[in-house]
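Asks: Here it is, the structure in full.
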Amino acid sequence: MLTLEIVRVTERAAVAAARQRGRGDEKGADQAAVDAMRRELNRLPIRGTVVIGEGERDEAPMLYIGEEVGTGEGPAVDIALDPLEGTTICAKDLPNSLAVIAIAEGGSLLNAPDVYMDKIAVGPGYPAGVVDIDASPAENIKAVAKAKGVPVGEITACILDRPRHASLIEDVRAIGAGIRLIGDGDIAGVIHTTDPAETGIDIYIGIGGAPEGVLAAAALRCIGGQMQGRLILDTDEKRSRARKMGISDFERIYAMDEMARGDVLFAATGVTDGNLLSGVRFGKKRIRTETVVMRSSTQTVRWIKADHTMLAKFE
Ligand code: VTB
Ligand code: MG
Ligand code: MG
């Protein structure tokens, strides 16, 4: 039942963010999405705890880690969310910003601190272990090409455009593979590996946010694919934050199903236009949204195009 309920949560966060789309105001768009997502979450018949949210309680007044959401009746669940993934993308109206949520049984989502995570992901259809976060980018891309049965030159890797990836980018180009450099939005980057025919992306590699890593792992659990992540805990301050969240092995490599265990629900609504989801459209009499919602236990992936005509009620 929650599968459809959570669609409304991301839809309304996406619509709220989209009203601020292209305005150059990242904070305003983010705040609008957070407000809308929180309002809708509190209507769900759950006893939810935010485990991946907008930050610690002191710095995030809403949807902070540990906040309880829902009506307080119903199943106890863990919630990972990013009301507006890709605030800069939204502010510039560039592709692939999303409103995102994942819900799982209490205790099943990795309580990751808001640090960086090294990530690698491929979609379904590859032999187990085809990529390895400890192998070189060249080895990983060659393995993917071999398993796909195409030359390395026909593989495209998605990488966040950041100075920290300079040598990664160089290594990938050195073997002749292509790179889709993205400005932000690596949850979308990971999800795009699941449908290379549509997106043109075969593999995601690089360092992005750990919260986004857990959300991406939740999505891949439902569609299929492989992902590994390793938290980057390179200062005492980060290590002590990690320790407070129950993490003692700072070098640990997390497999996809160690970041998101058990039965997981995942939903994402497009805010700006993207490769798999169109952004919110404001029509004369309706608002149109596109959402993907999925469940790991049944491996169902539903694409929901919705028209919201009762605008007043929609607010
Ligand atoms: C990524 C990406 C996000 O932050 O996790 C990235 O998914 C982290 O890297 O959309 P930077 O600190 O270098 O931005 C975002 O780009 C923005 O939250
Ligand atoms: Mg956010
Ligand atoms: Mg984000």
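Using N, Cα and C of the backbone, Cβ positions are placed for all residues, glycine too.
Just so you know, TrEMBL annotations never went through curation; they're auto-generated.
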Asks: Look at the Mn(2+) 2 binding annotation in TrEMBL, where Asp82, Glu85 are given, and name the residue from Glu198, Glu212, Glu237, Glu251 listed for that site too.
Replies: Glu212
Asks: For the substrate site, TrEMBL lists Glu85, Gly86, Thr87, Arg162, Pro163, Arg164, Asp184, Gly185, Asp186, Gly209; sort out which one of Tyr116, Tyr126 goes with them.
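Replies: Between Tyr116, Tyr126, TrEMBL records just one in the substrate site with Glu85, Gly86, Thr87, Arg162, Pro163, Arg164, Asp184, Gly185, Asp186, Gly209, namely Tyr116.
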Asks: What is the Cβ neighbour count of Glu54 (Mn(2+) 1 binding site) at a 10 Å cut-off, with all protein chains included?
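Replies: Glu54 (Mn(2+) 1 binding site): 25 neighbouring Cβ atoms within 10 Å.
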Asks: Any idea what the Cα distance is from Glu85 (Mn(2+) 2 binding site) over to Asp30 (Mn(2+) 1 binding site), rounded to a whole Å?
Replies: 9
Asks: Of Arg162, Arg164, which of the binding-site residues has the most Cβ neighbours inside 10 Å?
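Replies: Compared across Arg162, Arg164, the most Cβ atoms within 10 Å surround Arg162.
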Asks: For ligand 3, which among the binding-site residues Glu54, Thr87, Arg162, Arg164 have a CB under 6 Å from it?
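Replies: List returned for ligand 3: none.
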Asks: Rounded to the nearest angstrom, how far is the Cα of Arg162 (substrate binding site) from the Cα of Glu54 (Mn(2+) 1 binding site)?
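Replies: Each residue's Cα considered, Glu54 (Mn(2+) 1 binding site) and Arg162 (substrate binding site) end up 22 Å apart.
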Asks: Write out, in the order they occur in the sequence, the residues of the chain not among Asp82, Glu85, Glu212 that have a C-beta within 8 Å of the mean position of the C-beta atoms of the recorded Mn(2+) 2 site.
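Replies: Other same-chain residues near the Mn(2+) 2 site: Gly86, Leu98, Val100, Gly185, Asp186, Ile187, Gly209, Pro211, Leu215.
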